[in-house]
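Participant: Here's the feature list from Swiss-Prot:
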- 335: active site, proton acceptor (ACT_SITE)
- 359: active site, proton acceptor (ACT_SITE)
- 335, 359, 525: Mn(2+) binding site (BINDING)
């Protein structure tokens, strides 16, 4: 069984015996235990289990103890370290020198012992050696006997741990391409060097004929298929057919296509993660899957011109339930856009919640909305908004029908209630696909995302000569008056899922206006997650050495390794680019 990645906690100490070290042992080890307790009681893995920490076998005062800690961590699948100390220690003798995992150091802010002095010294050693480390230093002085972790320190410890765990969860997994390049979209030109060097992932690929092979040869669970078909008939609403009359399929053909798309879902899932049931049926090779943490399906146009499209498959893979009940979502990209798939993956690993995949389709200015609908925008919509709409698929969690404290939310699967599942299904229908675009048919997903949800839109882009760059836009979903929504929505495809999004403006740069956000967006797709997680994304990007070219995160929330400040403190964007370029990818 594959172990969860763990956080290693390193209590470092003044190595002087005969009084000094002995007086600090209990306080130092208690710091380590309190950090481990904070992380394990607050953070969860994507499967809902508490995050595991490993504490060094002893306090670390000299090199042999640092080496013993390193050996333990290697055996324990430690993906990142947090060093803690209340006192002076010997900097380069006690530091962890692993170059391929993130490091953080918390130096206790107290007057009795110089924990802050050690913090500064060891961070200088990290900078000298080219091994980045995050520095954590509480704003307020604490008493030596105080065992509480200050709130500002907690925030940084948890931000670091969330991002560090994401690096560990990605390592040694795969991106699975189902098909190849869709309609010339750059993001679906999969770059294996990026996956290997920045994420520690490998790439796998299957031709889309693998779907028809498995259907024709019965390489799926027939019992599950019958159960799935019954569930779909009882729970999934077929929507209005918007096709012109000569393109409307017969009832018999639509029924056949429902069976087809259910099989597509089962096969897509089995390709990603395997299915032991297939081995029982005699298909041992297919049963193991591809160890894929994220995948994408090309679809257009070679598949969709002939077969039912992938919308149903993509929708339910990204959703946290199906006929087998509530479960964690898969991360699955439309049009095999691997870069949007990775954007979704970053969001998912930081939040444990499902992701909206959408076209960043239209900027609606207040003037244009007024001209088309007669409505004057106000509130969060006053400066205009973006129409986020995918061409037929989206996680049903994106409806916003789950709630917390009476407000719409996208929540982890272990919090999801059966009543919320039913609400998502009731507020979604599945119209026959637009056969002018999808000649082979299929069924799209249609819903409207509820308003007033805090969300973050993210996109990873590849820039020749630079490499990957990340852009982030925090904002809110909107609920427009019903007639306004219908007027605007019907100008695109009324059979597709819509989210109205207003980014938070800052008055400068790419966030001077909503138009500027649209104009500076790097690609046609975006990954949208619940919550304002821009600060976590910036921390994760710095660990992977991916510069951020556009964000609206308050400066006081930005948390990067300490040596980033040595590249400049006034122009943080420029310093980020220089640091990432000099240090290079995490796994190179």
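Backbone N, Cα and C define each Cβ position, glycine as well.
Relative to the rest of the structure, where do these features sit?
Facilitator: Around the Cβ of residue 335 (active site, proton acceptor), the number of neighbouring Cβ atoms within 10 Å comes to 27.
Within 10 Å of the C-beta of residue 359 (active site, proton acceptor) we count 19 further C-beta atoms, all protein chains included. DSSP gives residue 359 (active site, proton acceptor) a strand state.
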Participant: Around the Mn(2+) site formed by 335, 359, 525, list the extra residues of the same chain whose Cβ is within 8 Å of the site's Cβ centroid.
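Facilitator: Those within range, site residues removed, are 185, 187, 334, 337, 340, 357, 358, 390, 391, 523, 524.
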Participant: Provide, as an integer number of angstrom, the distance between the C-alpha atoms of residue 359 (active site, proton acceptor) and residue 335 (active site, proton acceptor).
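Facilitator: Cα to Cα, residue 359 (active site, proton acceptor) and residue 335 (active site, proton acceptor) are separated by 11 Å.
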Participant: Quick one: pull the CA-CA distance for residue 335 (active site, proton acceptor) versus residue 525 (Mn(2+) binding site), whole Å only.
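Facilitator: Computed Cα spacing between residue 335 (active site, proton acceptor) and residue 525 (Mn(2+) binding site) is 10 Å.
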Participant: Tally every other Cβ atom lying within 10 Å of the Cβ atom of residue 525 (Mn(2+) binding site).
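Facilitator: I get 26 for this one.
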